[in-house]
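Participant: In case it helps, Swiss-Prot gives these features for our protein:
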type     : residues     : note
ACT_SITE : Glu65        : active site
BINDING  : His64, His68 : Zn(2+) binding site
DOMAIN   : 4-141        : domain 'SprT-like'
Amino acid sequence: MNLTDYVKEVSRQDFGIEFQHTASWNSRLQTTGGRFFPEDGHLDFNPKFCKKGDAGTFRKIVRHELCHYHLYYAGKGYRHGDKDFKDLLLQVNGVRYAPSIQSNTFYHYYQCESCGQVYQRKRRMNTKKYACGNCHGKLRHQNQS
């Protein structure tokens, strides 16, 4: 079953209303579970929440975005702060906020040879070009995690 069919099924079962547009994956989403676009009515979802393995959480995220969708087309308040949105979200048991995702970010660690200050960086840096910010000592690349 593709994503649009799944969203249509959730809309039919939980709202009793048909979903008329498309749903797609958007891997550029970082902290949000999904987005609703009022301009053309399509929904974007973060694939990280589906890959996490918790189908119940992803279904709640779909309900959240469908609340935006159905309220917008009903001419009611569809934004997060609107009472109509909060009431419908509570009624269908959707999530208010997307749960945090454990990131598997790779870090490089650098330690000053003089003062022992440790620096954590996401990107590797040239230790010949940079020095310690405290004592201007030489930096040494540590084991990465």
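Placement of Cβ uses the backbone N, Cα and C atoms for every residue, glycine included.
I would like each feature placed in context: is it buried or exposed, what are its neighbours, and how far apart are things?
Facilitator: Shown in sequence order, Gly33, Gly34, Arg35, Phe36, Leu43, Phe45 are the residues of the chain, 6+ apart in sequence, with a C-beta less than 8 angstroms from the C-beta of Glu65 (active site).
In the three-state DSSP scheme, His68 (Zn(2+) binding site) falls into the helix class. Non-local contacts of His68 (Zn(2+) binding site) by the CB criterion (under 8 A, 6+ apart in sequence, same chain) comprise Phe36, Tyr78, Arg79, Phe85.
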Participant: Summarise the domain 'SprT-like' (4-141) by DSSP state, stating how many residues are helix, strand and coil.
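Facilitator: Once the DSSP states are binned, the domain 'SprT-like' (4-141) shows 47 helix, 23 strand, 68 coil.
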Participant: Across all chains shown, how many C-beta atoms besides its own are within 10 angstroms of the C-beta of His64 (Zn(2+) binding site)?
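Facilitator: Total other Cβ atoms inside 10 Å, all chains included: 24.
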